[in-house]
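According to Swiss-Prot, the features are:
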type	residues	note
BINDING	Thr57, Asp132, Glu192, Lys222, Asp226	substrate binding site
BINDING	193-195, Asn227, 256-261, Glu279, Asn314, 335-337, Asn380	NAD(+) binding site
Amino acid sequence: MSTENDYIVADIGLADFGRKEITIAETEMPGLMACRAEFGETKPLKGARITGSLHMTIQTAVLIETLVALGAEVRWASCNIFSTQDHAAAAIAASGVPVYAIKGESLEDYWIYTDKIFQWADGGFSNMILDDGGDATMYILLGARAEAGEDVLSDPHSEEEEILFAQIKKRLKASPGWFTKQRDAIKGVTEETTTGVNRLYQLSQKGLLPFPAINVNDSVTKSKFDNKYGCKESLVDGIRRATDVMMAGKVAVVCGYGDVGKGSAASLSGAGARVKVTEVDPICALQAAMDGYEVVLLEDVVSSADIFISTTGNKDVIRIDHMRAMKDMAIVGNIGHFDNEIQVAALRNLKWTNVKPQVDLIEFAKGNRIILLSEGRLLNLGNATGHPSFVMSASFTNQTLAQIELFTKPGQYQNQVYVLPKHLDEKVARLHLGKLGVKLTELSGEQAAYIGVTPQGPFKSDHYRY
C-alpha cells in the first residue's frame, strides 16, 4: 500500500502503466477531449472543489483530468470496494490529485476514504459533489442530521450501515459541527446512476434535499448507452474472466428488464446463452417477451438455470431460498449498484472457499455449491474492468457538463432534482459521431418547420422515449 502524501493507493509504482492506458483511453473518449478543447482556456470550473465518489477506473481517470483541465480541484474515492483499477488510481495520485482507492479495500476503509475526500489540506470545504450511488451525498446529509439532534445513527440494519454510522460518529467527535458546515458549502451534486438518483428523488419528495442536483443517469446519452450498450459488452466479459465458463447453450436468468437488464440479456444472448427474464413491471415484461425472451418467475427456473444475474436496483431479488435450490455450480452475480440485490449476508454462515479474487465457492448443507461473483457487488467492475471507454465518454461528458451547469449558475436551480436540457443531451451525442464515421442528414428549413423544430435541434420533445 502506498500512503505517502495526500493519497492512499495499492502501489504508486503502477503509475506509468496506468498512464499508458489513460493515453489509449483518451483516443476513445471524444466527448471528454472535446470538453477540454472547448472549455480548457476559460476554465469554468475554476474555484470548484469537487469531491468525487465514482469507480476509480482508467475511464474515470480521463474524467478527473478533464475536470482539472477545466479549473477544478478534485479529491476522489471509488464508490465500490472492488471496482478500483489500481494502476489508474496510481496514475492519478502521481499526477497530484488526491485519490483514496484500492481494489478489494475493506468496508471500514471505504468509509474512511469517503470521509477523506471531503478533507482539504487547508481545512476548507468541498463545494461540489460528483456521485455514483449517492454514498458521498448520504455521508454528509446523515452527519448533518445527526448534528441537528436527529436519531439517525442508533439502529443500523446491516453490517455496512454499522460501519458507516461508526465513521460518522468518529467525525462528529473529531470535528463538531463539520457536517453541517460541509453540507451548507455544497452548491450542487451530479449523480451518475439509477440507485443514487432514486435516493435524491426520495430526499426531494421529503423536502430533505439541501442543494440542487442533476440526474445525469436519465440523460438519454447516459441511460440508453452506458446502461444498455455498456452492460452488453462488460457483463459477459466479467463472467468469462471470473469463471472461464462457456456460455453457449447455458440457461441464464436476468432479473429485471430495464436498460441494464436489456443490455445484460443482449450480452448473454449474444454469447449463445438461452436467456429468461424476470420482471415486476408489466411494460418491461412485455418488452422482454416481444424481444424474444421467456418471462418467468424466478422460483420456476431456479433449479434448472445455470447463470443468474440481478440488474434491478432493488433489494432481496435473489434470496437465500433461491440459492439453496440452485443446481450445483450455478453462477450468481449482480450488475446493479449495491450488493443487497443478492442476500449475501444470509450466506455468511455457510462454507466459503475463495477461488481467486472476487470469485467464491459457497457450499450449502445438502452439498450443492454456487459460484458467487464479487460478493454480490458489480461483477463487471469487480471481475473485469467495466464498460468500454467510448460509452463511458458519453456518460462522463454529461457529468462534466452537469458540473459546469450547477457550478456556474448559482441561484438558477432550486433544491430539486433536474436533468440536463435536451440540447446538451444532443450535444453529447454529436461529439461522439465522428469517431464512428457517422454522417447526419440535415433538415431543410421547410422540413424543420413542418415538424416544429429548428434545423439545428433539439429534434425531440423532453418526454420523447428513445
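Even glycines carry a Cβ here, placed using N, Cα and C.
If you measure from the Cα atom of Gly258 (NAD(+) binding site) to that of Asp226 (substrate binding site), you get 12 Å. Ranking the binding-site residues Val260, Ile335 by other CB atoms within 10 A of the CB puts Val260 at the bottom.
Of all the binding-site residues in the record (Thr193, Thr195, Gly256, Glu279, His337), the one with the smallest CA separation from Asp226 (substrate binding site) is Thr193. The Cβ of Glu279 has fewer other Cβ atoms within 10 Å than any other of the binding-site residues Asp132, Glu192, Asp226, Glu279.
Mapped onto three states, the DSSP output places Asp226 (substrate binding site) in helix. Taking Cα separation as the measure, Glu192 (substrate binding site) is nearest to His337 of the binding-site residues Val260, Ile335, His337. Other Cβ atoms within 10 Å of the Cβ of Thr195 (NAD(+) binding site), summed over all protein chains shown, number 19. Lys222 (substrate binding site) and Thr193 (NAD(+) binding site) are 9 Å apart (CA-CA, integer value). Neighbour density at the Cβ, taken as the number of other Cβ atoms within 10 Å, is lowest among the binding-site residues Gly256, Gly258 for Gly258. Long-range Cβ neighbours of Lys222 (substrate binding site) (same chain, at least 6 residues apart, Cβ-Cβ under 8 Å): Glu192, Val216, Ala394, Ser395, Asn398.
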